[in-house]
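Taken from Swiss-Prot, the feature phosphoenolpyruvate binding site covers Lys22, Asn23, and the record attributes it to sequence analysis. Residues or ranges marked as UDP-N-acetyl-alpha-D-glucosamine binding site by Swiss-Prot on the basis of sequence analysis: Arg93, Arg122, Pro123, Ile124, Glu125, Gln126, Asp306, Val328. Marked as active site, proton donor by Swiss-Prot on the basis of sequence analysis: Cys117. Feature annotation from Swiss-Prot assigns 2-(S-cysteinyl)pyruvic acid O-phosphothioketal to Cys117; the stated evidence is sequence analysis.
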Amino acid sequence: MEKIIVRGGNKLHGSVKVEGAKNAVLPVIAASILAERGASIIEEVPSLTDVYTMKEVLANLNVGVEYENGRFAVRADRPLKTEAPFEYVRKMRASFLVMGPLLARVGRARIALPGGCAIGSRPIEQHLKGFEAMGATVEIGNGFIEARIDGKLQGTKIYLDFPSVGATENIMMAAVLAEGTTIIENVAEEPEIVDLANYLNAMGAKVRGAGTGVIRIDGVDALQGAVHSVIPDRIEAGTFMVAAAITGGNVFVEGAIAEHMRPLVAKMREMGVDIIEEEAGLRVIGPEQLKAVDIKTMPHPGFPTDMQAQMMALLLRAEGTSVVTETVFENRFMHVEEFRRMNGNIKIEGRSAIVSGPTSLQGAEVGATDLRAGAALVLAGLVADGYTRVTELKHLDRGYVNLTEKLKALGADIERVEEHQENESLEAAELI
């Protein structure tokens, strides 16, 4: 079993390049199924376990896939299989995103009930509601969801009860080949939605309104392969921004797009962090003393839930009391117990966490309960007294490429080791 060992105390300096966005690339890969002719070339694809899982899902559907050096090539101009089995889908909820494209392209999809991070209920009813509104028959049983349509899906008006990112993406992909016009209201407005719409339009789709609360899609007869470069990962960028701020460092985050991160930039500036917007990215300079702020996660353009845990690590170092309210997922405070193991002073009251700081964090052995919690614990380790050991790295590898190496290049005292190598690593560190 691997673990990350961090010794706190070093300020981070230098430059770090952000990878392509995990939450953008997965739906884009799924959308490639829609192309009846030609190859799709997707660039800036991060080397993540979720990407490899999606590659396996597509290969199992008889889609031709190649992935090398950040470039993903897809050919779906062949007879497609229609079942995504549990062995793949259980690893990652985003596998469910192939349902919309399969339903639109071949009229049938049988997908195992999805897996992924255990951070509360993320119901798929919104996806299915959209498919049914477009004329599909949906059945759930024996661990599978099966959707069928005789003929083509029909354009219609769909209202989402909640602006779910996954439901917005899945319904968008189904609607591009539907007969007539589909209008989706109360949709997600994330930058990743805009990125998917740009890719679909490059394939020949007619999608308008992405990035607003209403998306209008005029169905077309067929799509073809296209070339697309994935947007930078705003959550990875945000994680490195917090790393710079929490250590009092000075880091240039190459590829960070301020327009995609306005809530985070605003809150960090409110805490006293100096953030300079440059043409190629953002420079982040941490202050001597951070100020407490309140944070409430919301669908975009509100504060992103995927940055809640990392910001909580930063708030532990701030002067005063901060309140973090989680409104998107009902079970996303599992990292609080791990912070407490590091001497974090946090109380839970319903959907809010009350953070009292500044806390003198202490190194401890902690577990990554989910993807973003893992990153947050590494961030806390950067300023903790002594050694912090972060385990359960399988979650971390789903969303970060070479996190340890990138932090080390910025000056962090950090190693990723096998359990049997830990003593050797610590002994070597003591000699330096």
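Start at 1 and count along the chain as shown; that gives each residue its number.
For all residues, glycine too, the Cβ spot is worked out from N, Cα and C.
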Inter-residue Cα distance where the pair is Val328 (UDP-N-acetyl-alpha-D-glucosamine binding site) and Lys22 (phosphoenolpyruvate binding site), in Å: 19
Distance [Cα-Cα, Å, rounded] between Asp306 (UDP-N-acetyl-alpha-D-glucosamine binding site) and Asn23 (phosphoenolpyruvate binding site): 11
Number of Cβ atoms other than its own within 10 Å, given for Asn23 (phosphoenolpyruvate binding site): 25
Cβ neighbours of Glu125 (UDP-N-acetyl-alpha-D-glucosamine binding site) where a neighbour is any other Cβ within 10 Å: 11
Assigned conformation of Pro123 (UDP-N-acetyl-alpha-D-glucosamine binding site) - DSSP reduced to three states: coil
Where Val328 (UDP-N-acetyl-alpha-D-glucosamine binding site) sits in the secondary structure, as DSSP reduces it to three classes: coil
Pairwise CA distance, Asn23 (phosphoenolpyruvate binding site) versus Val328 (UDP-N-acetyl-alpha-D-glucosamine binding site), rounded so that it is a whole Å: 16
